[in-house]
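Noted in TrEMBL for the protein shown:
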type	residues	note
DOMAIN	A:2-376	domain 'RecF/RecN/SMC N-terminal'
BINDING	A:G30, A:P31, A:N32, A:G33, A:V34, A:G35, A:K36, A:T37	ATP binding site
Amino acid sequence: MYISHVSLTDFRSYAQADVELGPGTNVLVGPNGVGKTNIVEAIGYLATLSSHRVTNDAPLLRFGTDRALVRARVQRAKLVTSLEVEITAGKANRARINRANPVRARDILGIVRTVLFAPEDLALVKGDPSNRRRFLDDLLVILRPGEAATRGDYERVLKQRNALLKSARNGGKLSTAHESTLDVWDTHLARAGARVLRGRLEVLRLLSPYLGAAYASLADANKEAHAYYQATISPDFESEAAENKALDTEEVSRIAPAALLHAGTAEIEDMFLEALLNTREKELERGITLVGPHRDDVLLTLGTAPAKGYASHGETWSLALALRLAAYKVMGEDDPRPGAGPILILDDVFAELDATRRTRLATIVAGADQVIVTAAVASDVPAELGGTFLKVSPGAVKS
Amino acid sequence: MYEGAVQELIDELGRLPGIGPKSAQRIAFHILEADPQDMVRLAQAISVVKERVKYCTICFNVSESETCTLCRDERRSDEIICVVEESKDVVAIERSRAFSGRYHVLGGAINPINGIGPEQLHVRELIARLGDERITEIILATDPNLEGEATATYLVRTLRPLGIKISRLASGLPVGGDLEYADEVTLARAIEGRRNTAPSAPAAPLVRTPLPATEPTSSS
Ligand SMILES: Nc1ncnc2c1ncn2[C@@H]1O[C@H](COP(=O)(O)OP(=O)(O)O)[C@@H](O)[C@H]1O
Ligand SMILES: [Mg+2]
Ligand SMILES: [Zn+2]
């Protein structure tokens, strides 16, 4: 798919901007701070209803305004759809599809699909586990919108269970009534949690082959990139597991047991219940739930070393980019119809890569329906990428 | 802030469920301007309800006497007890006319965040009622939200050893909703199609999902 036209009203630095884009590669060029990322952020917003830079919408509204509009024309196979999202301060956002009556903003999810890579994504490798959990959870919802409520269901059970653990702790010893309701919350936590886990494992299974391939084609050293799911409910889980040792096959299979990968929801549920029983004493001491998908991580490795804490800056960069490229491949495989592939957005990437990697990345993304690239200087963008260059100056974009 | 009595009234109204500060103020001024006799009637209705209406000593439904009309009604079956969270759920199920057994009102649902466990509900009294050997079945009609489901799970675990048939309302009820807002037809169906409480089915495997269809405006 591709976006042929984006129009921003009171979004970030733009009072009004209209950008014409074409299929294939589009390069937004302009000095730092001019407003390039603001444009791709708006496109990403149409796909996910959230910004890749901030967690709430307020910074998206141009200073002094309380309503922003993002409009776009999307071409998907032979189908043209016009979209409009209204971002309002302190109110529910609304959307319109093909100028029809406004609908809830989330009704447009799935129409535009984007994969956005930005410098912030280094956190996928270097940041805390929540970054990696969110990466899997977000991709799951894109592939399977019916799972959108799964994570929220789990969080609600978790809150209730934590409240019970806390009150049991404050009340001193565990009364029998407490104990019997804790069993009840365990059942519900395990059931909701097994769904979250099953979804994440499935997404990781789909990503894995593409992650290895993408990393191999970006980096020159012959280290293999792998991603393993570290489930806190797995019997051998130890939080210090990945620290300061080389990860041989044995070590890895202990940290991320293959049994979990192929387990069905019912089996995961049983494992979960078992883990809850084993940690109950500790949980009652601490007053919080210590095992479950809310505390899991994805172990990223390069060769035999964990990426976090060991990878060089360049390796970190390539691995984060490889994760996004893998997501792009998985989404493409999910809907393989011609002209339905996701839009690939590369924000400020090329400046960070050396000439060889620039060329490699250009080759990798060449087949995408649409690639939107931002760069401060045109010479950072390799000639192989081709495409149309658009000059971004304060408040305007021109080809 | 208003002076004395007016502000006090606004504060009191604001404590009622579903009434925010704006509505409280609007209602307070409505009361100020309304016909005094009407307002005296309202005040009386409130104090009478607090004086006269109690909870049925058998089922804990609201009642004007020791036991409620439903518990005293001899045409109703003593074999089935329908367990609900609140009195308003009894009214909702009665509206459906799909059920002619007895009720048991728990007085809420298990909710650790609000400090509510089984001890705060009429669970012990329910177990005591099951000593009556005429009772053969229990329908769990708690709300189809997390707290209602957890309460049902708890009751299943607690009551199962007693060897009584336990069923749960069939879904069809809006998930995450309140039982009282379900319409009669939905509720009647849910009662007819009540299911045995068995472990939930495993989730479907990840499948490909097509893009949502949208109307084309033009083609190229
Ligand atoms: N809500 C806003 N209102 C007005 N200006 C904003 C807003 N948010 C960001 N900006 C401005 O946008 C500029 C950053 O734009 P950005 O797209 O990140 O630049 P770049 O071209 O380097 O990617 C900054 O000058 C910033 O002050
Ligand atoms: Mg930028
Ligand atoms: Zn009664």
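Cβ atoms here come from the backbone N, Cα and C positions, even for glycine.
Just so you know, TrEMBL annotations are computer predictions that nobody has curated.
Since we're looking at a predicted model, the values are computed, not measured.
Neighbour counts of Cβ atoms within 10 Å were compared across the binding-site residues A:N32, A:T37; the minimum falls on A:N32. For the domain 'RecF/RecN/SMC N-terminal' (A:2-376), the model gives a mean pLDDT of 91. Just so you know, the Cβ of A:G35 (ATP binding site) picks up 22 other Cβ atoms within 10 Å once every protein chain is counted. In the three-state DSSP scheme, A:P31 (ATP binding site) falls into the coil class. What surrounds the ATP site, by Cβ distance within 8 Å of the Cβ centroid and not counting A:G30, A:P31, A:N32, A:G33, A:V34, A:G35, A:K36, A:T37, is the set A:T374, A:A376, A:V392 from the same chain. Within the set of binding-site residues A:N32, A:G35, A:K36, A:T37, A:K36, A:T37 have a CB atom less than 6 Å from some atom of ligand 2. For the binding-site residues A:G30, A:P31, A:G33, the largest tally of other C-beta atoms within 10 A is found at A:G30. In this structure, A:V34 is the one among the binding-site residues A:V34, A:K36 with the smallest number of other Cβ atoms inside 10 Å of its Cβ.
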